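Colleague: After the structure tokens below, expect a handful of questions from me.
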Amino acid sequence: MARDFPLERVRNIGIAAHIDAGKTTTTERILFYSGVVHKIGEVHDGAAVTDWMDQERERGITITAAAISTSWQDHRINIIDTPGHVDFTIEVERSMRVLDGVIAVFCAVGGVQPQSETVWRQADRYSVPRMVFVNKMDRTGADFLKVNKQIKDRLKANALPIQLPIGAEGDLTGIIDLVANKAYLYKNDLGTDIEEAPIPSEMEEEAAEWRNKLMESVAENDEELIEIFLETGELSTEQLKKGIREGVLKHGLVPVLCGSAFKNKGVQLVLDAVVDYLPAPVDVKPIQGVLPSGKEDVRPSDDNAPFSALAFKVMSDPYGKLTFVRMYSGVLSKGSYVMNSTKDAKERISRLVILKADEREEVDELRAGDLGAVLGLKNTTTGDTLCNTDDPIVLETLFIPEPVISVAVEPKTKGDMEKLSKALTALSEEDPTFRVSTDPETNQTVIAGMGELHLEILVDRMLREFKVEANIGAPQVSYRETIRSSSKGEGKYARQTGGKGQYGHVIIEMEPAEVGKGFEFVNKIVGGAVPKEYIGPASNGMKETCESGVLAGYPLIDVKVTLVDGSFHDVDSSEMAFKIAGSMAFKDGVKKCNPVLLEPMMKVEVESPDDFLGSVIGDLSSRRGQVEGQSVDDGLSKVQAKVPLAEMFGYATQLRSMTQGRGIFSMEFANYEEVPRNVAEAIISKNQGNS
């Protein structure tokens, strides 16, 4: 089957931003103008196409990254609409991993918010080229150039306006296109009747000034264009487009557009810019991976290359399990067998679909550069690589943040225990930041996630989709343990009970690992002191012991263990004996390595009228918060602080009463830090008292 669109005319883009910047409305308008939907759906009416879960339609926020295909100007555009709420960071993270370009949406009033910074960092992590759409230009207080300056200052981006609004707030009547040097005036409410016109005389001077800045910035990055610009003082529309595109692909500049998705102004120009400036799959670096030999390799974006794809999302729905994939190379056909190289398992492709939110179109194949979904995969989860059985490769996977909050959960009726277990398994398959475990002491089922809203929505889904009513305990902080110094550890397990005995013996060196490494194991056994077949079990014994630290039973992270020596017995040694010896050595070593307790620290931003600034700062300090920045603008104060999550429960209520209901705050995970000694002692004694 031939391609519908050549690879050069494919765009895989994400629409990302902070909450309430208008991402989903922007996506809806894109679908309307490109002909996918014939009626505009509003988020606040609960009718948005991309918000297809019941909870999304009720809450007016996007929870899961919905993938949709559309076309514009003879280009295929695959769009992922991502959530702006920090509890759903993994959805943004996994979509960034598979995208080629991003439209970052900012509110013309709110500007750069803490969540905008998080999304920007995620795009930086995966080197995703981007453009900006400053939305809500119809709102009171809208200021396009102020937001442009914030993007430059706070996100350190070379933000370059390629448009100017004509009017603002209630008088937004059109948009000046600085590249084409003309104006577009909107003549009807639906935004379908657009008049191309000269730039209004009262804005000619301002437009000329900004066009000159645009030409200078674009020329700076291109030797050929700088010569033309220095000679003639002018660049043509085509030269500007070429220069902007090259600047975007090299991460040298970020074009900034404006409009109001809700008022149907500026969205078609955003689509034009996607086609003109954002990369096709062939414009970005080929995906890297590792061959079975351990050698690094790349897969070019080409239908004729060996097949490779990354599973970036798993979802259960009434028709079965849907696995979303980004095709990097080759062709994937319905009915074929492929290899999951991450898990070394064979999978059969029963059906392939392209999604239009909750509608699906069945296809016979997916090709390099496509975003689609597979039905029928049994073993594949988020972050796994699918490839040809003859040409195996494991692609770079996703960064998955640690959960920061946990609650105990139990079914309201004993008979629902099995249903609860099935529901939790299905939900954790879909969402790698949602973890399920059993407390060994209380035997309670514990669920952990990225925040209270995250867990609340998952519990809600258990009721709606799996018909399980559950009782939820009070939220608990997910503490961690780590070590601060190095030491040796030894574990010898010897049992003789008549007949065949048990013998395993290992000596290890322990030291702190780099932050984020988790458990790192290095084998330095020489001369066969520990046979090869027992090294894996010894490592597994240590890794399992990591799950429960020595201070208060919390998981131990960022520990490097080097296996240096040991001994074995020809008859009595076994995998189990070495697993136990590994665990004993680990426990012995960790006690001597100055273990400490860690707690999740949250990046908090509080916005309130400046009369309450003193109270807000005082309250944050009383919560062990470190104030990192503050500003006052137009009578509104903003405070940035780092506060332990343990101190933030109930903060929303306290802030409301402290600011007479006029304060708002946002919170996101920053990092794990050591708990002060007096606080740690209380946590440790409480946990030891419970055990």
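Note: Cβ is positioned from N, Cα and C throughout, glycine not excepted.
Sharing the feature lines straight out of Swiss-Prot:
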| type | residues | note |
| --- | --- | --- |
| BINDING | 17-24, 81-85, 135-138 | GTP binding site |
| DOMAIN | 8-282 | domain 'tr-type G' |
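Mind running through what each feature is packed against?
Modeller: When averaged over the domain 'tr-type G' (8-282), pLDDT in the model lands at 83.
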Colleague: Among the binding-site residues Ala17, Asp20, Lys23, Met137, which residue has its Cβ surrounded by the fewest other Cβ atoms within 10 Å?
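Modeller: Least crowded of the binding-site residues Ala17, Asp20, Lys23, Met137, by Cβ count within 10 Å, is Asp20.
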Colleague: Using DSSP, would you call Ala17 (GTP binding site) helix, strand or coil?
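Modeller: Its secondary structure by DSSP: strand.
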